């Protein structure tokens, strides 16, 4: 059952298999923490497609023992979750993560916390949030607090999740919290998140941590044609979504003069941003087909791409799509990793796939099994091509609050009934369980 027609090849010894979630998407218990930008964002009518909020979500805060039992039954090596900065700011907020980490360790599951997954405290947003430099310093202070509390049991840390998406969707297009529509004036939010990452690495090192990374979203950019306008548009998109967030971290420089658009003493900041990492996390879902701007707004993948952007996002033809409308292209993962391997050479640390998954309905989710099977095989091809890959995390353990889509998109290996909160393992849970057994 673990495979489609042929056994998935074995990965190297010590390869880390896991699943991922994030605090705002699963925890609930909103009254037991400070508010985040996502609480205020979802309270505005029309921001979330089904009008829902994450006030309860999966109620993981109260049901974490049940969820850790699901993790143990699945047989994963590690669980990537995020720590809610607003919860840590609340009295006793770190106590929950103490309990969660203890439960994971007792179950033989390695905790892998992400320290920021888009849920900035409202109190910091009131002072400008990531658009202001102070947020980076405040983030480092919070990271030190968490590391001091959990560092005796947590050995693997992730600083940020997808700063590209938080910049683009949250600050440039306004489709996510904090709902800013600043277009290219959102670039300071990118720089300050990256600076916060570097300061967080320093704080974690000071606490004794020796296994630190970031989770950046990346995907191949495919030009719509070989015509010059399409090639230039694709290059710009690749610059914005891939190189802008990889190269400051890996190379200590911004690509193609973008550093001139960033605030502050950029040269000094880049020395902090490029603090050496122990692994580089990659969230991969699909490639993007990009062409020249078409002079009108484009609806794509649940987003509106404004006409004034210097590119358009276009459909990849003749491939399956998920319920979200995202193309299913496993070979894009191989292409991405081999491209990064060639582009960055020994500046690229060992890679961990920190997210990979898909949205499909149903408990007998054969489409999800096919998706994951294809992507694990594509990952193995990258390993065979010489890319140093050390781990793979499925998004997600369970169905959850999918941001501006609300509860309309289901990414989980475990089905959640959002009326009763009952958990039901899907066919994909059993598939992954079998795959993990075969890799032992």
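Any Cβ shown, glycine's included, is placed from N, Cα and C.
Model, not experiment: these values are computed from the prediction.
Taken verbatim from TrEMBL:
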type: BINDING; residues: 25, 117, 161, 285, 395, 402, 403; note: substrate binding site
type: ACT_SITE; residues: 162; note: active site, proton donor
type: ACT_SITE; residues: 355; note: active site, nucleophile
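Classification of residue 161 (substrate binding site) by DSSP places it within a strand.
Cα distances from residue 162 (active site, proton donor) to the recorded positions 25, 285, 355, 395, 402 are smallest for 355.
Close to residue 25 (substrate binding site) in the fold, though at least 6 residues off in sequence, lie 54, 57, 58, 396, 400, 401, 402, 403, each with a CB less than 8 Å from its CB. According to DSSP, the residue listed as 'active site, nucleophile' sits within a strand segment. Cα separation, residue 285 (substrate binding site) to the residue listed as 'active site, nucleophile', rounded: 8 Å. The Cβ of residue 355 (active site, nucleophile) lies under 8 Å from the Cβ of 20, 215, 217, 283, 284, 285, 393, 395, each on the same chain and at least six residues away in sequence.
Residue 403 (substrate binding site) counts 25 other C-beta atoms within 10 Å of its own C-beta, drawing on all protein chains shown.
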